[in-house]
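> The following block contains the structure, expressed as structure tokens.
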Amino acid sequence: MAAGVRKRARAGPPPRLAGLCGQWLRRAWQERRLLLLEPRYTLLVAACLCLAEVGITFWVIHRVAYTEIDWKAYMAEVEGVINGTYDYTQLQGDTGPLVYPAGFVYIFMGLYYVTGHGTDIRMAQHIFAVLYLATLLLVFLIYHQTCKVPPFVFFFMCCASYRVHSIFVLRLFNDPVAMALLFLSINLLLAQRWGWGCCCFRHPSLAVSVKMNVLLFAPGLLFLLLTQFGLRGALPKLGICAVLQVVLGLPFLLENPVGYLSRSFDLGRQFLFRWTVNWRFLPETLFLHRAFHLALLATHLTLLLLFVLCRWHRTGESILSLLKDPSKRKVPPQPLTANHILIVSTLFTSNFIGICFSRSLHYQFYVWYFHTLPYLLWATPARWLTHLLRLLVLGLIELSWNTYPSTSCSSAALHVCHAVILLQLWLGPQPFPKSTQHSKKAH
């Protein structure tokens with residue numbers, strides 16, 4: 001009998017041990033789930049993804065063939081400046097005349113010297129790989145400060161985009177340089193360094209001096225400046241931008257001011273139909289027609305105005321109140337130091353609206369908004385837009401940008417995805433802090 005008792009007693013520990021192991025496994029699984037779903041783990045996931053990206057970009061550089069598109073043209077254009085030509089109308093490369101502002105010239109002049117007059121392509125690829133990793137870090141810092149996007153989405157933003165890796169390290173376009181400066185400026189704005197942020201960002205600015213697509217963020221930034229400082233407070237910060245652009249372009253302005261301004265800030269430049277990603281389903285005659293361009297511009301401005309009036313400006317006062325000094329308004333503005341979401345939402349939405357109604361999108365333009373898509377889809381989602389639907393939208397956008405040459409179906413799919421994002425931005429919850437709503441009610 002005693003032996004039987006002893007045998008039963010010995011049989012006890014294994015079930016307890018199994019129970020402890022089961023609890024540990026369940027806890028590990030729960031933590032892993034939280035790691036992928038909780039935005040507070042953004043930096044941890046970001047660190048792991050950046051380490052993985054080091055290997056991925058190294059593999060892409062050494063295993064995938066480099067494709068020459070604009071690099072030689074860039075080098076020929078800056079070589080003309082090095083040789084003493086400051087008249088923009090006389091600067092050109094294999095793909096045509098120089099059409100980028102002065103900041104582009106200085107940055108790619110540095111690359112010209114570092115890469116042996118542009119001949120060391122492998123060195124250039126490694127430099128752009130570093131630029132890609134720096135861009136990722138800047139983007140992750142933005143997402144960490146807003147704390148709105150689940151970390152599992154970053155796997156799709158980093159490792160699943162062939163086109164973005166190609167634009168950075170296989171094509172060496174200038175678009176990534178402008179976007180890196182743009183994300184740097186947003187980080188400065190989130191740190192309340194408005195003067196420095198405007199220097200890197202707003203027109204005229206460093207980012208715009210590389211490529212003008214950064215102007216699509218300008219309406220959002222102007223709204224934020226007026227909200228926080230009023231017209232009188234915003235003017236000095238805009239003045240810093242103007243002075244910076246004049247300084248950058250001074251050698252070219254002194255030589256031929258009309259040529260510099262008309263070439264580097266040509267808003268009416270015509271795009272080739274064969275490179276368009278977003279309007280392939282249209283007849284080429286309509287794509288090139290001026291009335292179509294004006295209709296897109298009118299729609300762009302109308303939608304921006306609707307977002308300003310109905311989504312961004314929520315104090316109940318007239319929109320003209322933004323011109324007043326903040327201390328003289330009926331409803332004082334909420335300090336943006338505590339509302340990173342408002343800053344990022346306004347800027348990213350402003351840019352996205354411009355993307356939706358662009359006259360044409362070429363393949364390298366994907367980086368203009370690629371890193372903002374997770375935020376636009378997850379930060380303020382409408383209830384009907386589930387995780388699966390949002391991932392489907394991301395996948396269709398990626399597929400559209402990877403279809404070469406573009407087709408009517410790929411262009412139409414891209415517009416459908418853009419429409420879904422616009423609709424959820426309009427219908428989703430407000431990105432304003434509760435304190436703003438409370439102050440409005442109290443008033």
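Glycine is no exception: its Cβ is also placed from the backbone N, Cα and C atoms.
Just lifted these from TrEMBL, have a look:
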type     : residues : note
TRANSMEM : 41-61    : transmembrane segment
TRANSMEM : 98-115   : transmembrane segment
TRANSMEM : 127-146  : transmembrane segment
TRANSMEM : 177-194  : transmembrane segment
TRANSMEM : 206-226  : transmembrane segment
TRANSMEM : 238-254  : transmembrane segment
TRANSMEM : 291-310  : transmembrane segment
TRANSMEM : 336-355  : transmembrane segment
TRANSMEM : 375-397  : transmembrane segment
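Walk me through the surroundings of each of these features.
Same-chain residues lying 6 or more positions outside the transmembrane segment (127-146) and placing a CB less than 8 Å from one of its CB atoms are 39, 42-43, 46, 49-50, 53-54, 57-58, 61, 111, 114-115, 154, 157-158, 165, 168-169, 172, 176-177, 179-180, 183-184, 186-187, 190, 340-341, 344, 371, 374-375, 379.
The list of residues near the transmembrane segment (291-310) in space but at least 6 beyond its ends in sequence, with Cβ under 8 angstroms from a Cβ of it, reads 219, 223, 282, 319, 349-350, 353-354, 356-359, 422, 425-426.
Sequence-distant neighbours of the transmembrane segment (375-397) (same chain, 6+ residues past either end, Cβ-Cβ under 8 Å): 142-143, 146, 148-150, 153, 156, 341, 344-345, 348-349, 352, 413-414, 416-417, 420-421, 423-425, 427-431.
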> Using a cut-off of under 8 Å between C-beta atoms, tell me which stretch among 41-61, 238-254, 336-355 contacts the transmembrane segment (98-115) the most.
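The stretch with the most contacts is 238-254.
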